Amino acid sequence: MIKAKTSLDRESTIREEEELTSQVHVGPTFPLTPDQLIELHDPKSLIAFKNIFDNDANNLYKYLHTDEHNGINLADETITETERYKIYGDNRIPERKPKSFLRLAWEAFNDQTMILLTVAAVISFSLGLYETLGQPPEYDAEGHEITKVDWVEGVAIMIAVLVVVLVGSANDYQKELQFAKLNEKKNDREVVVVRNGDEHLVSIHDLLVGDVINLQTGDVVPADAVLISGSCACDESALTGESDTMKKTPLGVAIAKFDEITATDASRDIGSRGDQKIPDPMLISGSKLLSGLGRAVVTSVGVKSIHGRTLMSLKIEPEATPLQERLDNLADNISIYGSVAAVILFIVLFCRFLSYLPSGKKLHDITPAQKGSKFMQIFIVAVTVIVVAVPEGLPLAVTLALAFATTRMTKDGNLVRVLRACEIMGSATAVCSDKTGTLTENRMTVVKGFLGNSEFDDTANVTDESLESDRVFAEKCSKSLIHDVLTNITLNSTAFENKEMENDEQTNENPYHKSRKSLFPWSRNNKKNSRTRELIDNIANAQKDRFIGSKTETALLSLAAKSLGMQQLHDYRNNPHLLDIEEIVQVIPFESSRKWGGIIVKTDNGLHRALIKGAAELVLKRCDKKRLSEGQEIQFTSEQFDKDFGVIQHLAEGALRAISFAHRDFPDCNAWPPKDLQDSYDPTIASPELLFGEEIPRLSSADSKSSEKSNHISENNHGFTLDGIVGIQDPLRKGVKASVEQCQKAGVTVRMVTGDNILTATAIAKNCSILNASQAEDPNCAMEGPRFRKLSYKERVRILPKLRVLARSSPEDKRILVETLKKMGDVVAVTGDGTNDAPALKLADVGFSMGISGTEVAREASDIILMTDDFSAIVNAIKWGRCVSVSIKKFIQFQLTVNITAVILTFVSAVASSDESSVLTAVQLLWVNLIMDTLAALALATDKPDAGILDRKPKGRNTPLIAVSTWKMILGQATLQLIVTFVLHFAGKQIFFPHEDTITSHQQEQLNALTFNTFVWLQFFKLIVTRKLDEADGISNVKDRITASNLNFFQDLCRNYYFIAIILIVGGFQVLIMFVGGAAFSIAKQTGAMWATAVICGMLSLPVGALIRICPDEWVLKVFPRRLVKAILYVVGFEFLRKSKKEEDEESLLGTDDANIVGSTAFERAKSEMLTFKEHREPEKSLLNPINAYKKWRHSSLSDSESEEDKSYIASLTMVPTLVGGAVGGFSHICTNKPPSSSN
């Protein structure tokens, strides 16, 4: 049915798109249809471009009413943007509508057990009506007519089913709305668009056909477009299947080359084979820029783009997350055990029923209708056992916990893209963090400068006014020096002016809202709650700066504007002649792997000049000359080189980022590039490696020796002239030191991985407590990337426990670090902002990308986006990750306790009953099921992290989901509940009616109602006990376990309003049921003594829970003698039925190493712990084998290791009450023929 429905939805979507396309009416304003523009990219074709635009790029701009330099002109009244929007649409993919409440209710009702119960209820109701209306009336001993209410039970069951379905549907509907909001935020991002000649940062949803967009390394192409300037390499593998990196060529160059090649072969097109490759200017939406930058004009948006049409064709119901799938399977497969119990119970009761029918037996004279009623009563009890045994609330609890956590994490600055990241963060043991923007504010200011032999220092007072000294300092430098530095800063940059600042100075409106409202009047982003307040505020705050882009570049542009005489930035870029530049012939974008960026310009006098800026020591080591303040150039001497190297070292020790400027002239070069610098792939540009030289050793403590520094002058310089060095201050974020200390207290090791030199990195690491004074002296605590990269695996394993700072690191160094930590068993979280960080982000257990400074490729590779780029958000993610894990453990503890008690009580009481009825009726069990599934999930899965959640050490990746302390509480509380309910049920007559030989039916109904009432109050107080897990794990001293935090179950009770509401609802409804439930719930009026007994017995959960908490886990491990447990497990595990030689099996099993009952996530571990009947078929491998399970248990308890993973054997003890009772929802069926794999 699902496949058919999916196919139907897809066909419907395609038909809708065809209808929309057929309704498009083009006119003289826009003569091209969307389908004609689609031909450019599907497939990529310059032949199609030639046919549509007559092979003329100007026609492209003309037909789309745009300009290659200024973009769409919004001031042109002859062309309305609404008309453009109506014809070509905007860049949105229609979102899947959340399922309606009625649809969710129908899906919930389609559950097999609900259908069985409903059918049984309808039959019971029909038989009851027949008994009431179709049979002669009956009279009591006094002659009064007996009122018949046999139909009530059927009605009550139907009402109970309706309540369960509606409550579950309401929760599911809320979940749908939560994740719809999350997806809306997750799919939106910003792109730089040129309109009216100005650059704007806007949502990709508001892109229109004809928009001119700026793209750079790390961006994901937001719509189908044609590259019109620049050069870049794209990864299109996700869309085209082409694994090779696709080189993109500007349209003008591509047309010229296309004409040249097709002059001899007119059939050639992009992608066709031949001696010469046809250039490709087509950018496909969804592809990723791996290198380079460029400007492109948008040709197809939204559902008309390749990416959009791909998404629409695959637009089906979203798949469940791996967590939800595993837990859904867990709940489904536990039904096998419930079914076994139900079948056994049905067979036993049915056989007894048949034995009462022959002549002379007590049921030989009942009517056929009564026989049918008896049969339906047996059937309903059996089905209800399944309902109670199956923990359908477990997937609900996980969904609620994840939804609640992701919502709160969004408010804390974490946008969760992958749900499993929430749970994994709870086990994190290592965080590898970037420095810039994460540990620091990423609001950089130039505070020190050295141009020639002049310098300034504003580190004491970093304000706008403090740069007055810069101006005085700049006046001392020659015009030629200032001119070259200004040219380097303004043209060798991807940052741009924030035009919204000018509007903001004239109005007090939020510039973000003003921009969006004026440019895109139809945009749905203007609607209330379309985006989170946090994202809006972040972008609005970013736009308050004069410049937008890399914070290093914006700091340099601010220096240029305030001290170097820079006017409007866009004037220089639109008219480089203002800087005596004829043209920019090549741009080499900054990349984190090489730490520098540059441009090659052709001056007005025809001279080619390379201008570079980047990591100070790298640039310095390429220089053999230095320009003085007066303008003349001098050859570097060893002394002068050492002096400038000392300047860089001094800046680094002051926690400043050092940036050097340099230039190189090519007086003998008439056409760029020189032959000796030509790139092997594209001879029309210079190779960056040949221009700048190969990678050389970077600044380290060893470089302080002048002899070593002097050696770099002749060996590594590449003919550049040093123009200046500046120091940029990036202050630590407020609270980052406390956050790092919190992580350390929580057992999470924080490591800084940065591209800065080792002295800067070490200074900042000290300031934020990553390094202490003693560690700073240890060479293994702070290391450079090249040195780390060369270490062998064994050497890395040896030094990693000490390593805290990895400086001058490349993305490959970060990847190696993450890989090694994972192999060592750490659960690793990594932050990254660059395109090259994607492999490390993917490799990490949890990848964090930067919401403000990160590239789109990094965001796509990450699991969580730090919307504020703030390290404290990672600490919050750890809190909520642990909270999710704790919430799920609480719910499992509560539900397994109820499962064990309810199933065994129902089974035993029904078998022991003379009339084949359970002490808990079907309606009562449905109320219990509602408590333990939906209501308990709401109460326990919505708790907030407690104050001490970071005081506990992380469990790591090998910790079982259910620890010894949890099993101890489950079995202890289940034992208490069974003892209390069995005593009340079987000895109630002696307690409440000791002087009567026989009790009346009314008195028996009173005792049954008492048992039910007591059972519910036991769950009520057990819910309070469960809201706090054992906080004394690992403490073996009884005295040390008696603490307020461990035994006070009411601590912080008022912080979770959901929990308070749920316990009030459960308590209130239980009182209501007992007073007015009557025939529907089979309730007889209770005496005061009975009420007191029920509540007091229920309250026993509190002291018993405290006693269980006080008992060390080690006591549990010593309680059961080895031979006794081995014998019990041998019997209940049906070992005696095996045909193989038991002795050989035991020897082989007891002599082998067992697979750890662990997995990569808590829920995989749950599947391993919830053992299966299927695994009985492979006794030599299976952990279900009782001897094997017991051997692991005993071996673990006797070992010195106190690891929680070695204590998971206690799970096997639940087999005793489970199999005795017939079934318990405590074990999962794993659909695999293989045994659990060993953990690393």
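Cβ coordinates are placed from backbone N, Cα and C, and glycine is handled just like the others.
No curator has checked TrEMBL annotations; they are predicted automatically.
Over in TrEMBL, the protein carries these features:
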type     : residues  : note
COMPBIAS : 1-15      : compositional bias 'Basic and acidic residues'
DOMAIN   : 51-129    : domain 'Cation-transporting P-type ATPase N-terminal'
REGION   : 1-27      : region 'Disordered'
REGION   : 500-524   : region 'Disordered'
TRANSMEM : 113-131   : transmembrane segment
TRANSMEM : 151-171   : transmembrane segment
TRANSMEM : 334-355   : transmembrane segment
TRANSMEM : 375-405   : transmembrane segment
TRANSMEM : 896-913   : transmembrane segment
TRANSMEM : 919-940   : transmembrane segment
TRANSMEM : 961-987   : transmembrane segment
TRANSMEM : 1057-1083 : transmembrane segment
TRANSMEM : 1089-1108 : transmembrane segment
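Sequence-distant contacts of the transmembrane segment (1089-1108) (same chain, at least 6 residues past either end, Cβ-Cβ under 8 Å): 968-969, 972-973, 976, 980, 984, 992, 1006, 1009-1010, 1013-1014, 1016-1018, 1020-1022, 1024-1025, 1047, 1049, 1074. Counting Cβ pairs under 8 Å to the transmembrane segment (961-987), the stretch among 334-355, 375-405, 896-913, 919-940 with the most such contacts is 896-913. The stretches the transmembrane segment (919-940) and the transmembrane segment (334-355) do not meet in space: the count of Cβ pairs below 8 angstroms, excluding pairs fewer than 6 apart in sequence, stays at fewer than three. When Cβ-Cβ distances under 8 Å to the transmembrane segment (334-355) are tallied for each of 375-405, 896-913, 1057-1083, the top count falls to 375-405. With a cut-off of 8 Å on Cβ pairs spaced 6 or more residues apart, the transmembrane segment (896-913) and the transmembrane segment (375-405) reach 3 or more such pairs and are scored as touching.
Helix first, then strand, then coil: DSSP counts for the domain 'Cation-transporting P-type ATPase N-terminal' (51-129) stand at 46 helix, 1 strand, 32 coil.
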